[in-house]
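Undergrad: Below is a structure I'd like to ask you about.
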Amino acid sequence: MGKNGSLSDGIIKKILLSYTYVAIWIFLSFTVIVYNKYILDKKMYNWPFPISLTMIHMSFCASLAFILIKVFKVVEPVSMSRELYLSSVVPIGALYSLSLWLSNSAYIYLSVSFIQMLKALMPVAVYSIGVLFKKEGFKNDTMVNMLSISFGVAIAAYGEAKFDSWGVILQLVAVAFEATRLVMIQILLTSKGITLNPITSLYYVAPCCLVFLMVPWIFVEYPILKEISSFHFDFVVFGTNSLCAFALNLAVFLLVGKTSALTMNVAGVVKDWLLIAFSWSVIKDTVTPINLFGYGLAFLGVAYYNHSKLQALKAKEAQKKAAQADEEAGRLLEERESEGTGKKSESQD
């Protein structure tokens, strides 16, 4: 009874921890998105400089990652040559900087709720780019699913009350860059056996992003900032915003490491619906019935895609276990045969 009781306690503890990790990730992701919107929106904090904000994030994250790795030695840095850094990390850093810059820029033109609806296109972009780079196989049923997601997002866009073409272009291009980055991580790092946790990832990627962002910043935002004599750097606002961004990276590692990537996908759906509700009720963004209907269709498509991916992973894992079992059975049979041969030779002697 005691043994069963302790087992039950262990299972309950594991479930509670999983829900805690999910709650932390949802809270931090929610906070970063709303905080960025607050800073960049002209009707709120009114600091519409997305490149500068992204550079502040990257500077903060790179500095903190350096301190955690080099001073406190929380994690060990990955062994990486200059050639590997230039050929693998630099392209990923370039894509990441473009993705962050453009996605942050979209908050100036679009509502939080509509941006979350457009982000539902991420599986479509990842799959399409994966097929293009031959990391995914083309399947008719998957493509039909991708078209259904796209159709749902198109309906949501049609129903958007404050549709802004430039904002939509920025967000869609940001999705494309982010999807390309995710595929490139598989091609340039994972395939070479290199895995980066969020701290080491920021340690290597954030300085690279900072350099790439410096180029457009000098020409686009620096001349305007130079003219604004009234601006003073608010350490509380930008410091807490950057801290939330860094904590979110750690929460991603915690959530995927302690649960699964599928749990993160499900948590992401919950977060999106919460953001839509918050955008409508607190920020007072207009959310139309057509918006919700379109996003609902896209949501069903994304849910089916995640389900299909889970089933494929389960099938692959089952095949791997079956192969291991066959290999183990063959090894045991060989051992028994060799033992039998040994005993036979002994009896003949």
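Here the Cβ of each residue, glycine as well, is placed from N, Cα and C on the backbone.
Straight out of TrEMBL:
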type	residues	note
TRANSMEM	16-35	transmembrane segment
DOMAIN	20-306	domain 'Sugar phosphate transporter'
TRANSMEM	47-72	transmembrane segment
TRANSMEM	84-102	transmembrane segment
TRANSMEM	108-130	transmembrane segment
TRANSMEM	165-189	transmembrane segment
TRANSMEM	201-219	transmembrane segment
TRANSMEM	231-255	transmembrane segment
TRANSMEM	262-283	transmembrane segment
TRANSMEM	289-306	transmembrane segment
REGION	324-349	region 'Disordered'
Undergrad: Same-chain Cβ contacts of the transmembrane segment (262-283) under 8 Å, 6 or more residues past its ends?
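TA: Tertiary neighbours of the transmembrane segment (262-283) are 18, 22, 25-26, 29-30, 33-34, 37, 111-113, 116-117, 119-120, 252, 255-256, 292, 295, 299, 302-303, 306, 309-310.
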Undergrad: Where among 16-35, 47-72, 108-130, 165-189, 201-219 do we find the most Cβ pairs under 8 Å to the transmembrane segment (289-306)?
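TA: Ranking 16-35, 47-72, 108-130, 165-189, 201-219 by Cβ pairs under 8 Å to the transmembrane segment (289-306) puts 108-130 first.
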Undergrad: At least three Cβ pairs under 8 Å linking the transmembrane segment (84-102) and the transmembrane segment (108-130), pairs spaced 6 or more in sequence?
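TA: Judged by the Cβ rule, the two regions do not touch, with the required three close pairs absent.
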Undergrad: Which stretch, 16-35, 47-72, 108-130, 201-219, 231-255, tops the Cβ pairs under 8 Å count with the transmembrane segment (165-189)?
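TA: Answer is 108-130, with the largest number of Cβ pairs below 8 Å.
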Undergrad: Answer yes if the transmembrane segment (16-35) and the transmembrane segment (231-255) have at least three CB pairs under 8 Å among residue pairs 6 or more apart in sequence, and no otherwise.
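TA: The transmembrane segment (231-255) and the transmembrane segment (16-35): touching, yes.
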